Every structure is written in C-alpha cells, then in structure tokens.
Amino acid sequence: MANPPHGGILKDLLARDAPRHAELEAEAETLPALLLTERHLCDLELILNGGFSPLEGFMNEKDYNGVVENVRLADGNLFSIPITLDASKETIDGLGLQPGSRVTLRDFRDDRNLAILTIDDIYQPDKQKEAKEVFGGDPEHPAVKYLYDQTNEYYIGGKVEAVNKLNHYDYVGLRFTPAELRLHFDKLGWTRVVAFQTRNPMHRAHRELTVRAARARQANVLIHPVVGLTKPGDIDHFTRVRVYEALLPRYPNGMAVLGLLPLAMRMGGPREAIWHAIIRKNHGATHFIVGRDHAGPGKNSKGEEFYGPYDAQHAVEKYRHELGIEVVEFQQLTYLPDTDEYKPRDEIPAGVKTLDISGTELRKRLRLGTHIPEWFSYPEVVKVLRESNPPRSKQGFTVFLTGYQNSGKAAIARALQVTLNQQGGRSVSLLLGDTVRHELSAELGFSREDRHKNIQRIAFVAAELTKAGAAVIAAPIAPYEESRQQARETISSAGTFFLVHVATSLEYAEKTDKRGVYARARRGEIKGFTGVDDPYETPQKPDITVDIEKQTVRSAVHEIILLLESQGFLEKA
C-alpha cells in the first residue's frame, strides 16, 4: 500500500467530477472567464489531480492567513505555501465577480476551459507579511520580486470543479497524476518509495545518493523532477528529462521510476521543503530526500544565502509526525579517486584525496567543449548536455551597435557581416535600422514610445535568431538606455548579447552627412531627430566602444572580432 495522502483523502477532482463533465463543460461556456497565467496553470493542475491535497481550490482568506501566519489551513491541516488566484480590480469589476459567483478558469495557451471556480471571497492580501513570513522578506528573493512586481492586488478564493485536464504535448507518458503513480507503485509491488526532487540535471553523485537512500531503507526510488516553473536561468526541462532518461538504465534493474511534476516552484527554502514533502506524500512516496539548501534560490547580490544550509531539513523534521513521510537528510557526496567511490563528506577522514566539479566548472567545460570525466557524469548524460549546450564556438550571439545617425554603425555592421561570413561556422543575420523600419516597423513613428517598440521588435527577432545559433548584427540608433537594457534582457535569455557604442560625435556625424538628413532636421523638416530635437542617452555599460572619427571601420571591426575571440565565440587565428 502506498502512503495515505495528506489529509487522509486524495482530492482527485478530475475523477470526482468526470460523471458531470458534459454538464460542467456546457456551463463553463456560459460563464465569465479568467485567463490563467503560467503559474496559475501549474497550481491548478496539481489542485485538479490531487497533488495539492487536501486543497480543493484556490485559498480563501481564512486558509491564506492560516498558511501565512501558522503554516496551517483553517481546518488545522499542515500546509506551508499560499496557493492563490490573483486578479486585478479592473478584471474583477469587468467580469462582475463577487462572492457566490461562478467563473470559468481558462488556459491562456489554447483557450480551453479547465475548471469552474465558485467564489468564496475576494480579498486584498498583506503582501509584506506574505513576503516576510513565507519567504523571509528579502526583496531580492525571486518569489518576493514576483509577489510585488507580477502579482495582482486581489486574491480570489474558492473551490473548483474540474472541466478538462490540461493539455501537454511533451513526455505525456511520464506525466503521472498522484492516482496514476499510486496505481503504478501498486502494480510494481512497491511499498516503500524514496522520492527525489530536482530541478537540475542528475550526475553520478545523484545516482549514488538515491541508490544509497533506497538500499538503506529497502525501498525503491521515484525520480520526481519539476517540469513546471523553476528558477530563472535553470536548464530547460527538455534537456533535463533527456538526462534523466539517459541516467535511468544506470540504476539497478527495477529500482527506479521517473515521473514528471508540473510544479511552479517558489524557491521558498524551508517552507517549500514542507510543501514538497506534502506533494510527494500525495503521490504515494513514503520517504523524501531533503538536501542542503533544499529549494533555495542561491545567493543575493551581496553574496549571502537566503536561507541557512540546513534550514529546510530542520523545517521538515519539525513537522515530521504530521507530514507522515520520513525525511531522508543527506550530506553532499564527494568522489574519492583512490578507491573510485562516492562518500558523504562528513565520513571522509582528513587528508584523503577528493575530487569534485562545481556547477560553475561544469558550465565552463560545456562552454569550452573540454573534458568532463566519467567519475563525475556518465558519457550518455554528458552527450545530452553537450547537444543542448554546444561550445561557444557553435552558439549564437548578438552584436548590438548603437549611436547617432551617420555615426558609422551601418558601415561597421556590413563589414562585420562580411568578416563573420568569411570565418564561417554559423549563419549571419544583419538587422540595419533603415531595413527594420521598412520591413518590420513601417507603421511606427519616432515618438519615444514608438522608438522603444521598434527596438523591442529588433530584440525579439535577434533573440529568436540567436537561439537558433546565428550571429546577429543589429545596428539601430537605439537612443534610450531603457530600451537598450530591455533589449539586452530579451536577447540574453536566448544567448549572449554584446553592446557596442559607436561613439562618433554628433558634430562629426553631422559634418560628414552626405544624405542631408541633419540639415533637413535643423530646418524643421524632420521632427524627433536624434541629436537635433530628441536626445541620445549615452550607454552606461557598453561591452566595447568604437569611434569612426578616431579610427577606421576596419579597426572597429577588428576590436569586435577580438572581443568575440576572447569570449570563445570565434576560433583564434
């Protein structure tokens, strides 16, 4: 028998409401509808399938306050993370929502109706209290930033009725609901299951750790990685799942199973560890591995950890009896080359030689294409990582040139395009300011808002090309720092971004203007012209600065090439 669910009953709303499917689906079409965000979708999926048992909906004010203040629902059940549905006053008023109303919850991706919520209450949360009590209050914490920057001012509480399952098109066979996983364990005859939570690729140390934990408890292993929302910058779940699938045959035959969890992590450390334990209990696990700094977001800008290294272990241990799942606390394993084995650090005598590779070092080796030893990770795992993380010489990048009209941006961009094409190895795309204006932004004017929109269009195109491995050269005027920073953020999510300030002076650009556009602007024939009646904000932190008044185009291109070589994007001559 699998572990009983949290609260005693698995709240599988999909199964409960299946007999009323046609009735609920018809009603959902007649109700006002809320479009759910990606986080809402993750939360709703685990509400509907029972992963968040004993919840049957989004928390009302009593449950919310109980969880924030006392780590408990209003009925006394332990629960550590607020599961809330936020909405703006404008949306609430526009849909006419009030206590007692029924509202359809709709998937923003395909407009499918997923559930009907009967509203208990609509309330304004104390976000400051939520940030402090649940996450520790540090304004740099990703969940605190999300709370303040992306969460609407009102929460809507109430129970939901299931209309449809969420559609997934990836790894469908690995997306077990709690009921399905429990049935799977029963079919396999498993009665003791150690669950392992991860949002990272797994290597040999993780395999050793989970096998040790299972053998010590005469149990089997559930590898239960998160494939919903994790920490920004994490390796994508497609790569990670391929890693887990490659690793699975390295376990003793029949010991481990892989299941995917569509969870939106909050990176909430101690509170999140309790939540993770509840979720794994609902999925049938009897044991749960909690490691060092479990579900922590790393360090803040001062280099300080948001939580203590063992705060999460202590939190789960505190509520061990109520949780009804055994906590497996583990020490970090390290490799002993003399005996070719992994051991917990606290069991290694002083003076014994050890080896380890940090996450930073691993990323460096992947970036440079250098050797990753088999003692650290299995060849089949490394192969997957290399396919998804090619060395920089095979990665895309964007060189973004900014400067006045006639500063030399276009000449540098064209010359750089020719130089990169000569080098070969990747496609090269050129996004000149005039070309983009004609092809992508013909309807835009030159107001600050339209200029910003134009730069964001360039950034979107550049990001997609960069993601596909191209070298992108963009050369708009881009006069505003805010627009350039947003372009950097957009493109950096897909690859590496280099900002080149073409710092040719306004006087020189105007003096050498053969097209006469500056003269026309001075006469008032062109309005909103950068440098004449519209400002150019000097870049604060360019990656490189060139000046055609003081150097040749060839020299400027050479500086950019040297920068690309130094960062590993081009092979050194």
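Every residue, even glycine, has its Cβ placed from backbone N, Cα and C.
These come from Swiss-Prot:
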REGION    1-169  region 'N-terminal'
REGION    170-394  region 'Catalytic'
BINDING   GLN197, ARG199, ALA295  sulfate binding site
BINDING   GLN197, THR198, ARG199, ASN200, GLY291, ARG292, ASP293, HIS294, LEU333  ATP binding site
ACT_SITE  THR198  active site
ACT_SITE  ARG199  active site
ACT_SITE  ASN200  active site
SITE      HIS203  site 'Transition state stabilizer'
SITE      HIS206  site 'Transition state stabilizer'
SITE      PHE330  site 'Induces change in substrate recognition on ATP binding'
REGION    395-573  region 'Allosteric regulation domain'
BINDING   ASP434, THR435, VAL436, ARG437, ARG451, ILE477, ALA478, ARG515  3'-phosphoadenylyl sulfate binding site
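In terms of Cα spacing, the recorded positions HIS203, PHE330, ILE477 all stay beyond 10 Å of ALA295 (sulfate binding site). Rounded to a whole number, the distance between the Cα atoms of HIS203 (site 'Transition state stabilizer') and ALA478 (3'-phosphoadenylyl sulfate binding site) is 44 Å. For LEU333 (ATP binding site), the nearest neighbour among the recorded positions THR198, ARG199, VAL436, judged by Cα separation, is THR198. Least crowded of the recorded positions (GLN197, THR198), judged by neighbouring Cβ atoms within 10 Å of its own Cβ: THR198. For VAL436 (3'-phosphoadenylyl sulfate binding site), the same-chain residues lying six or more positions away in sequence with a CB closer than 8 A to its CB are ASN454, ARG457, ILE458, PRO476.
PHE330 (site 'Induces change in substrate recognition on ATP binding') sits 13 Å from GLN197 (sulfate binding site), taking the CA atoms of both as reference points. Note: the CA-CA distance between ILE477 (3'-phosphoadenylyl sulfate binding site) and ARG199 (sulfate binding site) rounds to 40 Å. Among the recorded positions ARG199, HIS203, ARG437, ARG451, ARG515, the residue whose Cβ has the fewest other Cβ atoms within 10 Å is ARG515. When pLDDT is averaged over the region 'Catalytic' (170-394), the result is 94. Of the residues the record lists as binding 3'-phosphoadenylyl sulfate, namely ASP434, THR435, VAL436, ARG437, ARG451, ILE477, ALA478, ARG515, the two whose Cα atoms sit farthest apart are 22 Å from each other. For ASP293 (ATP binding site), the nearest neighbour among the recorded positions ARG199, HIS203, HIS206, ARG451, judged by Cα separation, is ARG199. Calculated from their C-alpha atoms, the gap between HIS206 (site 'Transition state stabilizer') and THR198 (active site) amounts to 10 Å. Neighbour counts of Cβ atoms within 10 Å were compared across the recorded positions ASN200, ALA295, ILE477; the minimum falls on ASN200. Residue pair GLN197 (sulfate binding site) / THR435 (3'-phosphoadenylyl sulfate binding site) shows a Cα separation of 49 Å. Rounded to a whole number, the C-alpha distance linking ARG515 (3'-phosphoadenylyl sulfate binding site) with ARG199 (sulfate binding site) is 56 angstrom.
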